[in-house]
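Taken straight from Swiss-Prot:
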DOMAIN    9-242  domain 'PABS'
BINDING   Q36, E111, N143, G144, P169  S-methyl-5'-thioadenosine binding site
BINDING   H67, D91  spermidine binding site
ACT_SITE  D162  active site, proton acceptor
Amino acid sequence: MNYKLKTRSEWLDEYHQGVRYGLQGKLILEESSPFQKITIYESKRYGKALLLDDCWMTAEKSEKCYHECLIHPALCCSTQIENILIIGGGDGGSARECLKYKEVKSIDLVEIDLRVIELSQKYLPTIGGDAWSDSRLNLQIKNGIDWVKHTQENSYDVIIIDGADPIGPSKELFSNSFLKDCKRILKQGGVLATQSESPESFQKIHINIVKVLREIFDYADPMYGSVSIYPSGLWSWTFASMKQQRYMHPKKSRVKEISENCQIWSTRWQQGAFNSIPAFIERELAKK
């Protein structure tokens, strides 16, 4: 992936494979942590935004299009949801969505870069919301790969992989060995959820993620939606489970509990998102 970020007057642009994505606004902060370049930008259209290594990660007024779609197909459908693992997710949005469920007793949020959390809390506090002060949230400033590798089997009901694009510290979150470890520590009846890139801008990566998950788990299926600040605007999330497609069957009690507080996700939306797989992707996934 060839990313390049440039500023032209009041615009901040992300260049990717001959396409330019830009938001108008002003630069607030730019620094380098031990792991990556971090940028905070205030856009006129989407509010404050977070960029990592010059890639748009999240923005105040568009983040629900991403976080609700990553979290609720997993938590509404998993057999149990008491113990949750989030890898990445330093902006707090995934934790916020998980904590909408009263059944959730504990969330381990494993983020490698403390500065992502600190700057998100300071400049984008509405994304994490009350999650940061919720006693059920346990912050672990550690390497997610190592955390999963050294965790006992059958430890979590749901695993959420909320990493950046497969460059920098997030690259190994898409590896075969890491996903096998995730399967090992996921309880029977559990669901794994991961962002799985754009089927248009990152076609090969997207297809590979789904295929690897299908090799490791009994079932894995992508769903598709719109995240306007990401390359092409078309994004995907992939869900995996054993024995049955648990992520296809939301539990009515959980739907009732959280649906009124969702802006994007609904059972109807979820069904449509799973059914909206592009034909060319479906053909590629069918190839051996």
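Using N, Cα and C of the backbone, Cβ positions are placed for all residues, glycine too.
Between Q36 (S-methyl-5'-thioadenosine binding site) and D91 (spermidine binding site), the C-alpha separation comes to 15 Å. Summed and averaged per residue, pLDDT over the domain 'PABS' (9-242) gives 94. Spatially close to E111 (S-methyl-5'-thioadenosine binding site) yet at least six residues away along the chain are G88, G89, G90, I117, L139, Q140, I141, G144, judged by Cβ distances under 8 angstroms. Long-range C-beta contacts of H67 (spermidine binding site), restricted to its own chain and to partners at least six residues apart, with a cutoff below 8 Å, comprise G93, S94, R96, E97. DSSP assigns D91 (spermidine binding site) to coil in the three-state reduction, outside any helix or strand.
In this structure, the residue listed as 'active site, proton acceptor' is part of a beta strand by DSSP. For the binding-site residues Q36, N143, the ranking by surrounding Cβ atoms (within 10 Å, all protein chains) places Q36 first.
Of the recorded residues, N143 (S-methyl-5'-thioadenosine binding site) and the residue listed as 'active site, proton acceptor' place their C-alpha atoms 13 Å from one another. Cα of D162 (active site, proton acceptor) to Cα of D91 (spermidine binding site): a span of 10 Å. H67 (spermidine binding site) carries a helical DSSP state (H, G or I).
E111 (S-methyl-5'-thioadenosine binding site) falls outside any helix or strand according to DSSP and counts as coil.
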